[in-house]
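Participant: Here it is, the structure in full.
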């Protein structure tokens, strides 16, 4: 399996420099979503002192013509800090800074989906929407070959790998453990991890997060994963169907509840929300991957624990349905439901906004409603 040249550099030499004192200065790594709607970019600046909150962080700029976000003739774009985390790579007092992107005219960039999501979340803040997202991903060599797979063939059939233990079942656990600890250090709300059904496929869970924070924490968790994989010389892909054939795809199952759903007899509100979702299936399919449903078409086949992309379905404990009500929720008659349709490479802001629009703002039809200021 091919690994990156950088992973073969002597890390001990790097550590000699990283252990040097930095005085009162702080390194802040600014992170943003690029013009693909999937890729992340970052760059670092020096601050004179440690910021205590995100409001103390300065705005910055970058060359949007090199990130698929603007033309070269008018390429300056703005980075507006919206979330701050501890930096697990440089350690305290250094920071990771997640940013929204704005164009030269101060309008949000096309892939800045956080801007509209924040507005929608503010409209329903009194209902306290909680989200939890289950991020699946696949580890690959730099040659695009799945990590740990035979160079001239395939591993044994699916079955022993889900939550598997042992060198012949768990491929890449060191990366998973490093990512988990780095997220905890950063302050990302990571709640668990497990090996998935396909070998070299893993999952981590983020949440519960209220409102806009769901997207903030998931994007930063993805960034940390990419950086950890960079150190190990491998790639983490969020492609929803990285290997064709009889192998599971990768999703980002999204769990959702409101205060009313979590309280006694909340199942009534869960069922009402599912009924609303059933009448707006195609709108959600378009929102649930960056290519308007084309990526998910490779994954949502009705096989490998997925629903069919053309049909809406719901059921208790049914992993072949669009919407799953966990068995414990059915028994306790309160809790949350799981939307199993979002793809692994979805934008969490698009997913959570769509759910709120349909379930809480009672929107119908195939287009989002345009609210006045």
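Every residue, even glycine, has its Cβ placed from backbone N, Cα and C.
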Participant: Looking at Swiss-Prot, 246, 247, 340 are annotated for L-glutamate. Which of 222, 227, 280, 319 sits in that same site?
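Facilitator: Of the residues offered, the record points to 319.
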Participant: Out of 134, 353, 363, 367, which does Swiss-Prot tie to the same ATP site as 203, 204, 205, 206, 207, 208, 255, 256, 257, 319, 324?
Facilitator: 134
Participant: Find the one among the recorded positions 11, 104, 134, 247 whose C-alpha lies closest to that of residue 336 (ADP binding site).
Facilitator: 134
Participant: Provide, as an integer number of angstrom, the distance between the C-alpha atoms of residue 247 (L-glutamate binding site) and residue 256 (ATP binding site).
Facilitator: 27
Participant: Looking only at C-alpha atoms, tell me how far residue 337 (ADP binding site) is from residue 208 (ATP binding site), rounded to the nearest Å.
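Facilitator: Cα of residue 337 (ADP binding site) to Cα of residue 208 (ATP binding site) measures 13 Å after rounding.
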Participant: Sort out for me which one of 11, 14, 253, 319, 340 has the most neighbouring CB atoms within 10 A, since those are the recorded positions we care about.
Facilitator: 340
Participant: Between the Cα atoms of residue 256 (ATP binding site) and residue 338 (Mn(2+) 1 binding site), find the distance and write it as a whole number of Å.
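Facilitator: Between the Cα atoms of residue 256 (ATP binding site) and residue 338 (Mn(2+) 1 binding site), the distance comes to 6 Å.
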Participant: Please identify, among the binding-site residues 203, 204, 206, 340, the one with the smallest Cα-Cα distance to residue 253 (Mn(2+) 1 binding site).
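Facilitator: Ranked by Cα distance from residue 253 (Mn(2+) 1 binding site), first place goes to 340.
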Participant: Let's check the environment of residue 256 (ATP binding site): how many other CB atoms sit within 10 Å of its CB?
Facilitator: 27
